[in-house]
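K.L.:
According to TrEMBL, the protein has these features:
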TRANSMEM  123-141  transmembrane segment
TRANSMEM  147-172  transmembrane segment
TRANSMEM  192-214  transmembrane segment
TRANSMEM  220-240  transmembrane segment
TRANSMEM  247-269  transmembrane segment
TRANSMEM  281-302  transmembrane segment
TRANSMEM  328-346  transmembrane segment
TRANSMEM  352-371  transmembrane segment
TRANSMEM  383-403  transmembrane segment
């Protein structure tokens, strides 16, 4: 028993372990890679430790029942640990054990895929537009209250849920096209399965309608419903729908949502539901609706310029396919320049000096930046066109910063 607990084993009892020890030591200090040397040395330490266990079992075999089976189990476990050591696996755990780093990587990749799936430029545009239009309902400083924040939050969250449904449904309907035009999107790249995409869009459209219903605001609910109908008709591939195949109808869908519904419905949500005031259509609201009508048409036209290859292959008769990239590009630029010109005139006619100065100067600067950027775009480069399209969205965001100042 003392031998089993404390004693060291003699060389003879190891059945040739001395020879193995010398050879393993040679292996330990040979090899072309440092990692291999460390792993093999760890293997030698494991062999020493487990052969010691084997020796201890020899001392105990006349005193313990089932020693042979236990020794076989130790030897089997020893082999497994040696393999782990030589291949670089952790000695403390089996493959497939809890790995915080692996879990973090999985969560990070899933979050990144969902971020791309949600089309963040549209999410930002939706949130900014609702906040900006909500500010048009503010008549004095006392209107900035928890009631205002609650009303804006209700509208923004419900609208973002619907936004994710619309862009997600579009991706589900355009998987083959996106493999050509936007292979980085998670459905086109295979990061998300079709089932995952369906689960996401279904969950978000239910959440959107649920929130719109419990809020009890009819302008908000109708904004969500009309957006749902138009977004579905725009993308879904069933008879009489998939309106994106028609350039004119596709542009009208985007204009209806971005220019009309966002401005009017969300303004009325704040005006009638939150502040309990009668519906009115003020000068700033009319300006915002008119200006964003121009901008929505530009977005509807411009978004197809970098997608011309996939649209041609799959029979999407966009204006870019019909007229060519260069012509549509400059049509968009001139439409925006016209919109900025009108905005400067509206700002100049304001009776509030601060509003007049900021809106005139702000729109003039944006028009100048747009013109300078447009002249330097390489229309033969898809990357350059896509970058400029994202710049158009930045101008869209900037306009919603100026709209609340129009008085």
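Yeah, the Cβs are placed from backbone N, Cα and C, and that goes for glycine too.
No curator has checked TrEMBL annotations; they are predicted automatically.
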K.L.:
Rank 281-302, 328-346, 383-403 by Cβ pairs under 8 Å to the transmembrane segment (123-141) and hand me the top one.
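P.N.:
If we count Cβ pairs closer than 8 Å to the transmembrane segment (123-141), 383-403 scores highest.
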K.L.:
Do the transmembrane segment (147-172) and the transmembrane segment (352-371) come together with 3 or more C-beta pairs under 8 Å, pairs six or more apart in sequence?
P.N.:
no
K.L.:
Mind checking which residues reach the transmembrane segment (220-240)? Cβ under 8 Å, same chain, six or more beyond either end.
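P.N.:
Non-local partners: 154-155, 158-159, 162, 165-166, 169-170, 172-174, 205, 208-209, 212-213, 250, 253-254, 256-257, 261-262, 265-266, 269, 273.
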K.L.:
Grab the same-chain neighbours of the transmembrane segment (383-403) for me: Cβ-Cβ under 8 Å, and only residues 6 or more beyond its ends, written as numbers and ranges.
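P.N.:
Counting only partners 6 or more residues beyond its ends, the transmembrane segment (383-403) has Cβ contacts under 8 Å with 121, 124-125, 128-129, 131-133, 136, 284, 287-288, 291-292, 295, 298-299, 302-303, 305-306, 325, 329, 332, 336, 343, 358-359, 362-363, 366, 369-370, 373-374, 377.
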